[in-house]
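Below is one structure, written out as C-alpha cells, with a few remarks after it.
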Amino acid sequence: CYIQNCPRGGKRSYPDTAVPQCIPCGP
C-alpha cells in the first residue's frame with residue numbers, strides 16, 4: 001500500500017480509520 005505517491009494501478013492508504021485501509025489509486 002502506498003500513502004501518497006501511488007503508481008498507476010497502485011493503492012493508497014487511508015489512515016483516517018482505526019484500521020488503515022487500502023483503496024485503489026488512479027483516475
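Any Cβ shown, glycine's included, is placed from N, Cα and C.
Here the structure is a predicted model, which means the values were calculated and not measured.
Among the features that Swiss-Prot reports, disulfide bond is placed at Cys1-Cys6. DSSP assigns Cys6 (disulfide bond) to coil, not to a helix or a strand. Around Cys6 (disulfide bond), taking its Cβ as the centre, 17 other Cβ atoms fall within 10 Å, counting all chains.
Taken from Swiss-Prot, the feature glycine amide covers Gly9, and the record attributes it to experimental evidence.
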